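Feature annotations, courtesy of TrEMBL:
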SIGNAL    1-24  signal peptide
REGION    34-66  region 'Disordered'
COMPBIAS  45-61  compositional bias 'Low complexity'
DOMAIN    79-254  domain 'VWFA'
DOMAIN    260-301  domain 'EGF-like'
DOMAIN    302-343  domain 'EGF-like'
DOMAIN    344-385  domain 'EGF-like'
DOMAIN    386-427  domain 'EGF-like'
Amino acid sequence: MLRHLPGLLLLLWQLLLLLPRAVPGPLDRPGFLRLGTRGPGGSPGRRPAPAAPTGTPYSGAGQHGGARGAGVCKSMPLDLVFIIDSSRSVRPLEFTKVKTFISRVIDTLDIGPADTRVAVVNYASTVKIEFHLQTHSDKQSLKQAVARITPLSTGTMSGLAIQTAMDEAFTVEAGARGPASNIPKVAIIVTDGRPQDQVNEVAARAQASGIELYAVGVDRADMESLRMMASEPLDEHVFYVETYGVIEKLSSRFQETFCALDPCALGTHQCQHVCVSDGEGKHHCECSQGYSLNADKKTCSVINKCALNTHGCEHICVNDRNGSYHCECYEGYTLNEDRKTCSAQDQCALGTHDCQHICVNDRAGSHHCECYEGYTLNEDKKTCSVRDQCALGSHGCQHICVNDGAASYHCDCYTGYTLNEDKKTCSAIAEARRLISTEDACACEATLAFQDKVSSYLQRLNTKLDDILEKLQANEYGQIHR
């Protein structure tokens, strides 16, 4: 019976290992985030930020489940050191889960000499720096180096691990960037046990040197020790997971923690026209075509292209509201098909000259007015006034038209004629005397006969004069309009 005792003890030990582990009492205390069965939303180290506007065409790097909407953030540059517990309490499969968690976090970051640099400090009773911040500058080599890490031994010297990270990993010689760079120094410590050395003082020194500490506890981790190691506020820097099987889920939480918000995607940029993301949460404003950026680097003003003298307009450049321009021409010109040069208009042919009598085109695309013969151009340079009505031939005088000035006239007769009562026609004096001598001037019949003959003569003369006047007017009109 005794010879079977070692085998029974070994079987009993294996059964005990399969029993569920007890949950530590301090889990119910405030000041840490628990992940597994329950846990509040939000991101570690950062308050939840507003969601990105829908349809924003930005795309962030390395987005995974649980991260903010695509494009709202880009990982900020960090000097990031993982401090991982590989004591014997961490089983090989669990240690693989820790390495997977580290690789997942690396996937969410922008890795490079000018972006995030990563180092790993492995500890148990001893401390080993697996690789420094300057060792790897791309994700592939980083993840391959993480995969090659092996557990150390017994013991949980968390304080020594933090001190080693501060003294050897976060140095300029090891690849950390100096204070002038303003690159945050961040350490994430992962442990499942109680530290076997003092952690509160060394953690305080690390934080005083500018290192931000996050503490991730797994399973039987001592919550009070996690709180002593982590930076303030504790509810943003202390995390707990019940098993290593769910530690990978923390990668998305840390992605949000290390997220540099993109103000262009969030719509908080205050750029009047165009917001351009520069990375690391920075941006600058630009203006639409035809506008220039004002001194406030946010608003835009229309560029006066006409003032730049690059418009190419032959005559007049006119600025438009949208920062563009168009060309116009001087009066008397029309814009050509090239929308820049101008050609002279024939305003006389267009009938837009307003001349009362005659329109005359000038070479420069302009015109001037003139008057018919016998008229003078008035001061308005468009209308005309009579200058010599006798010269016009419309006076109605049978023999002679005499100009009296000021646009007036009177009629006169040739020698041997006398002006009739109408002040226009004339009668021969000798004919009148002959008629008087051949008739009995005292007789009534003789007087009537004389009047009839005179009237007949006058009527025939008037008819002939009318014909002559019509011919003269027709001839003068023809000369004017040739």
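Using the three backbone atoms N, Cα and C, a Cβ is placed for every residue, glycine included.
Outside the domain 'EGF-like' (386-427) by six or more residues, the chain places 373-376, 454, 457-458, 461-462, 465, 469, 472-473, 476 with a CB less than 8 A from a CB of the stretch. When the domain 'EGF-like' (302-343) is classified with DSSP, helix, strand and coil residues number 0 helix, 14 strand, 28 coil.
Residue counts for the domain 'EGF-like' (344-385) by DSSP state, with H, G and I taken as helix and E and B as strand, are 4 helix, 14 strand, 24 coil. Restricting the average to the domain 'VWFA' (79-254) gives a pLDDT of 93. Helix, strand and coil residue tallies for the domain 'EGF-like' (386-427), in that order: 4 helix, 17 strand, 21 coil [DSSP]. For the domain 'EGF-like' (260-301), the DSSP counts in helix, strand and coil order read 4 helix, 18 strand, 20 coil.
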